[in-house]
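Going by TrEMBL, these are the annotated features:
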DOMAIN    162-623  domain 'GPI ethanolamine phosphate transferase 1 C-terminal'
TRANSMEM  193-210  transmembrane segment
TRANSMEM  280-298  transmembrane segment
TRANSMEM  305-324  transmembrane segment
TRANSMEM  330-352  transmembrane segment
TRANSMEM  373-391  transmembrane segment
TRANSMEM  411-428  transmembrane segment
TRANSMEM  435-453  transmembrane segment
TRANSMEM  523-544  transmembrane segment
TRANSMEM  564-587  transmembrane segment
TRANSMEM  599-618  transmembrane segment
TRANSMEM  630-655  transmembrane segment
Amino acid sequence: MSNRGNHGDGHPDNTETPLIAWGAGIAGPKQTKSLLASDEHSISWNLDFLHRQDVNQADVAPLMSTVLGLPFPMNSVGELPLEYLDNTEIYKAEAAFRNAEQILRQFLVKQESKRRTELYFVPFQFLENHDSLVSEIRGLIERNLIELAEEKSIELARLCIEGLRYYQTYDWLFLRSMISVGYVGWILNKSKLILFTAIAVFASFSIFLFLKESPFNYHLYSAFLVYLWSEVFKQRKFAFMTISRTFKDGTWFKNLVKAVAYVFALEMLVFSYFRREILTPSLIIAGFVWPLLAPEYFRAKNFRIVWFWQCACLVTSIFTMLPVENAEDIRLVTLGGVLVLVSGIIAAYLLPRHVSTKLPTKGGGTTSKISQGTPPIILFQLLLIGVSIIVVNDTSARLKKKEGLPVFNQILSWLILFSCGIIPLIDLVKEGQHFLRRLLVIYLSFAPVFVLLSVSYETLFYFCFAQTLLGWLLMERQLFSDLKSSEPLGSDYQDISRRGFRKISKLKSSNSLSFRLLTADDLRIATIFLFLINVAFFGTGNIASVSSFSVESVYRFITVFNPILMGVLLIFKILVPFFLLSAVFGVISRSINLPAFSLFLLVLSTTDVMTLNFFFLVRDNGSWLEIGTTISHFMIASIFIVFQIILFTVGHFLVGKVLIPEIKSAAKSE
């Protein structure tokens, strides 16, 4: 644990534990000729002249048993560190041999258990002659060949540990193959009906697993596999038609490149879970390479939007390079709050001229929504942001003076929190809103709470992230407008004019809207959305920082330790950028004439590529940090599917009823 109370973030201070052993039977420190430190972290110890002997946590149990003269723990798989012992060589050799025998007994029990349940048993080949190895070590000890006996005992112990892992992972190939194929079936499955098919195949799997005495969850895995692939088989004609349409007319190579690039982007997202810094070059690539791939006339015509998008990506990319452990810096919080306030004032000033365009109505016609001034609700939000900046500075100053949290400031903070949660709901009552007005209300609603919950650069990130989302929205709308209104430019959007449009009936509104089918170009939108989801999370922290957050971030609301309330406030702060992203994603989906669920389902199905990566990276050996991290990554990737559903629901709730002008009109006004 660090001096600030953080833990579990991977730093040696928070993961390594000093092992102190002294007394009878314990060897003293050993001098070393090398004056080089074992690692950079231990340089400050000034112990480079001593030999460093690290051990695993499991190795402590056999060491204690040997020193105390007690039997080894029954289920211990630790290897006795002989360098810690100060005794005769014969004693150390016999101790190493007993350690190896104890692990060997566990291996034999595991081997017999697996042999009894397997139809085609394949033993661990390196220990098929374990009896002869044991006899050989006994003979070496009896002949006083101590050094060789120690080496053989250590080798036997390590072989037994490898054998235990071999039998523990004996079914991994079968299970991983079955689960992986099931995930692929989910990715390809398009059916909406839940029908249990392929009973014969499932029965075969069940009988096979029953004979192996497999756990019940193995049967669930097989059911998952059989059901999804039976649904894929039902949709085979549609799949073949989609593939043939995608790789037609010489465009197959371009579409293949797009698909490969999408998979590569998903792999980069997987890597970002381990090194968040990878998101920095990824954002820069998205900011500068994407416009270069767009038609030249698009860049020339919309150079302001392109420039805004590039600057936003460049500035936002800085945050994933910053440290996740931040000391309180009210200057950065204030700067971020002021930038949000200034951007809100500018947006409120420019809003009337952008929303005075013809908007579609429920009756199928259009209406001109001409705003005569800034809506009062936006002025109230700007006031809340200003108040939150003052409260943060005053509260921080008083806490530094040890005066405690002022009751008036605490009441103001809670009132601002509840107001920010209620304002988006109240604003929904107003019908016929322009989408820019609605997005501005959402942006300003969450800003005061973010200011109150920030301790360093988080508010700056919120401002920059919001500008990146705005740039993305403007780029996608303008690109779709230009490609739709011009001649085909080698993009899959040419399908829009020929056969991509189709009528969707039975909508909530009475007017008939035209939608198009998904194309390979929509993979770009899904890719940017997934990258921005990761930026929203890793922009101000990482997975470990969630469990080791600074309690200073909730001092404006509460100073008495309350883990539940503090956790709720922390989670709300983490979710705020996601809410903003989901709202923008919903507007983009509607702006490019896609049905509400199309992009969502595309993202949902392909994210299982990431889940499969984390599934194969799960470890069952190593340190607790390594094991826990790999399991956490897989669980987060699995829960991410549910989280996306929640995000889509929130986005639909926030912007599902806003009015979006025709693309051509939007292109002119924007």
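Cβ atoms are placed via backbone N, Cα and C, with glycine included.
The shown structure was predicted, so the numbers you read here are calculated from the model rather than taken from an experiment.
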Query = Taking the transmembrane segment (373-391) as the reference, which of 280-298, 305-324, 330-352, 411-428 gives the largest number of Cβ pairs under 8 angstroms?
reply = 330-352
Query = Under an 8 Å Cβ to Cβ limit, what residues of the same chain, 6 or more beyond the ends of the transmembrane segment (564-587), are close to it?
reply = 435, 438-439, 442-443, 446, 449-450, 453-454, 458, 461-462, 465-466, 469-470, 472-473, 529, 532-533, 536-537, 539, 541, 546, 549, 551, 553-554, 557-558, 596, 599, 647-648, 650-652, 654-656, 658, 660
Ask   = Counting only residues 6+ away from its ends, which parts of the chain sit with a Cβ under 8 Å from the transmembrane segment (330-352)?
value = 370-374, 378-379, 381-382, 385-386, 388-389, 392-393, 396, 436-437, 440, 443-444, 447, 451, 454-463, 466-467
Note = Comparing 280-298, 523-544, 630-655 for Cβ pairs under 8 Å with the transmembrane segment (435-453), the winner is 630-655
Inquiry  = If you average per-residue pLDDT over the domain 'GPI ethanolamine phosphate transferase 1 C-terminal' (162-623), what number do you get?
reply    = 76
Inquiry  = Pairs 6 or more apart in sequence, C-beta under 8 angstroms, 3 or more of them: is that satisfied by the transmembrane segment (305-324) and the transmembrane segment (523-544)?
reply    = yes
Request  = Kindly say whether the transmembrane segment (523-544) and the transmembrane segment (599-618) touch, using the definition of 3 or more Cβ pairs under 8 Å where each pair is 6 or more positions apart.
outcome  = yes
